[in-house]
Structures are given as C-alpha cells and as structure tokens.
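What TrEMBL says about this one:
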| type | residues | note |
| --- | --- | --- |
| TRANSMEM | 22-42 | transmembrane segment |
| TRANSMEM | 54-71 | transmembrane segment |
| TRANSMEM | 91-119 | transmembrane segment |
| TRANSMEM | 131-153 | transmembrane segment |
| TRANSMEM | 173-197 | transmembrane segment |
| TRANSMEM | 218-248 | transmembrane segment |
| DOMAIN | 291-431 | domain 'GGDEF' |
Amino acid sequence: MSFPRPYAWVASWDLWRSPARVVRYVLVVEVAALAGVVGAATAVPARPSDLPRFLILALCAAVTIWLTRGVERQRDRVRPAPVAHVDGTGLWSFAAVLVLPPLLASAMVVLTCTLPWWWRAWPRQRPLVPYRCVFSCATVLIGTQAAALVLSLGMAEYPGLPQSALLPGLRDLAVVAVAAAVRWGLNCGLVMVAIALSQPVRSVRDLFADFSEQLLEAGAMGLGLAVAVLVVVNPVALVGIVLSLGVMHRGLLVRQYQQAARTDAKTGLATVGWWRQVAGRALERAEAGGDAVGVLVLDIDHFKRVNDTYGHLAGDVVLAAVAATLRAETRGDDTCCRFGGEEFAVLIPGVDGAGELREIAERVRRRVELLEVDLPTGGAPRRVGGITVSLGGAVYPGGGLATLDDVLLAADAAVYSAKRSGRNRTCLRPDVAPA
C-alpha cells in the first residue's frame, strides 16, 4: 500500500522514533496551539484594514531574517547543545500581537518560525528536523495567544498601542510587560520541558546553561513595542530598525565565539588562557593596593584509576562532577578553570588571608568527598563514590611571590605536599601546614 508523499514525509520524521512520552507531549502542545489560534481568531476577527500593517511587518521580518541568516547559522553551531536557539525574531511577532488581531499575529509567528528554519538550515538538514520547527512554532503560538488574552483583558484598546496620557499609558505599559513575560515564560517553559523529557539525563544546570541568551529575547520584546509604534505612526522608519538589526547580530556572533573560546568543553569552566588573563588583572589590582588574591590548585586523587577501570568517558563524567562542585562551592566573582588533565585552578579575589583560603579549600574538599557519580559502563550506569581531591593554595601578595607564575608554582608545589602527606587534604604555601 502506497501513501501520499506528504504522509510519507511526515512519517519519516525522527520524532516518531522518540520515547512515547516525548511524542505525546509534542502532539498535545501542537494541538493546544492550533486550538488557541482558532479560538482567538473567533474572539477577535481580523479586518481588511489590518492587512497593510501585517504585510509591512512581514516584509521587514523577512528582510531581517535574510540579512542575518549567515550569522544566526554560525551562532546556532556554537551554542550549548541543550539550550534552545534564541535569535530575536520574536520582536516582529510581538509587535504583531500588539497592533494586529490574534489571527494575523499567529500568521506572523508562523512566518518568523518557518523562514529561519528554511533559509538558515543547510539543504541536507531540511528533511531531518521539520518537527522541531513545528514544535517551536507551536510553543510561540501558545505564548502569543496567552499574551493576546492578557492584552485584551488589560488594555484600554486592543489591538492597539498604549494610551498617550501619562497614568493610563503607564497602566497599559504594565499590561504590555505582563503580556511579554507570559509569552516568554510559556515559550521558554514548554521548550525546556521538551528537552528534559527527551534527555532526562540532563541536569537542571545544563538546561539553563548560557541562560543569559534569554536576555536577547527580553530585549526583542521591548524592541517589538517600538516596532509596533512605528508601524502605526511612521512605517518608513522601520527601514532603520531592519538595518540596525543586521549590524547588531554580527556583534552577537562575536560575543558567542568569545564565550566559546573562553569555556572548556568538558567541564564548562574557564579555559586556562582566559583564566590567566583574569588572574593577571586581579594580581595587578592587588599590587596597586587592592585586596589580596588567593589561588587554589586542585588535583583529583587516583584519577588514572577511573580512566583505566571505567574508560575515558567515565573520566569525563568525574571531571564534570568535580567542576560542578567547584562552581557550587565558590563565589560568583571567583573564576574556576580546568588547568589541564585532572587539575583545576580557582582564582579567589578579595580573600582575607590564608585562613579564609583554607576554609574555602576545605569546603570544596569535603563537598567533593561526598560526591556520588553515575559512570557509563556500556550497560547500566554504575554509581561510584569516594572521589577525593588534593588542594594547594597561595595568597598574593606575600611569601616572596612576584608574578602569576610564582603564585601558580607555589600552589602547585602545595598540591604535591598534600599528596605526599596522604592525599585528600589541603596544603597552603609558603608557610601554612597541611590540613
């Protein structure tokens, strides 16, 4: 029996080979999105006078997506795997939901979700990932319909702009802000749930990796309000918005490449090169009369046994677990890096002498000692504990240390003193005994 080609194409999607819970979730979200579009279109019908504004916004969105397609393709290639791609095209659909009825706003969502997928994806990828485009579009549609509901209940006139009078205008702006938050929260939340269902081994930290990218989406909502005003008051000025977006996206690519270059792929910590830059500047400030700077060096005890017993993939899991512990047990302005192999380094600016440095080191050591890690073994994961680290540290200025290399050599020598003293302990240099 032969099926029509469209049916065979849909049947070939990788979605159907996903776990049943993922398939059910995706289908429920898509049906809910379709029902929301139909319901909203019935409640607020479109008028012929709305069509010119829709066409203007659609043209601007299409030109922007075309101009930024290469940049966004590169940004998508270097983003963390579990993080949804954020490109800022939501500004056009958010502008649409402000000044157009929900049906046309939904059409704008479909346009701004479909064009990026088609223009940015390499030709060989197009048959493989259409279900992701459909699901992403559905999540944005649900958020958009919810935003339209908030606007219709709270705005003095909907569709329309905030009022120009001060107090009524501020009230309308507050409603717009709530609508934007609802739209973003639903869209982001639905995507996060899908990722968590399809990749249950991902930690919550992984799901929110590089979450600062969501600031781009928040900025897009604010710019969407400005676009809505322009499309009503002076549509010609939108040319400036389109050109500005094309230039700004190149800056986003530079930032993303910088972040990728500064991040160790296995642990998510800083690379050695970036860490040394940050540490060098911290030592310069300390030398100029600022607070003291502490440096810790950690080495995982008997790490070779993990690799020899369970394999290098298991070793990578242990590295990531220790790195996560370092992040959790140090302050936000401390800088952690993977120094090489199974060795890590931590820069601690503003440390209150060797006593505080020892307290921090001991806190990290005790926390690592409590770790239990599920290691891949080719079959069922094996939970392993008893991971320990030896730590060495040094404080600058002091102890005859003059350069960053001097500090690192002192801390590294302290690590070996800790290992010679029995491992799983802290030793500080130059004049503090092991603990």
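Heads up, the Cβ atoms here are built off N, Cα and C, so glycines get one too.
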Run through the domain 'GGDEF' (291-431) and tell me, per DSSP, how many residues are helix, strand and coil.
60 helix, 39 strand, 42 coil
Would you mind giving the whole-number mean pLDDT across the domain 'GGDEF' (291-431)?
87
Cβ-Cβ under 8 Å with the transmembrane segment (131-153): same-chain residues at least 6 beyond its ends:
13-15, 26, 29-30, 32-34, 36-37, 39-40, 43-44, 84, 90, 93-94, 97-98, 102, 105-106, 109-110, 113-114, 117, 159, 175-176, 178-180, 182-187, 190-191, 194
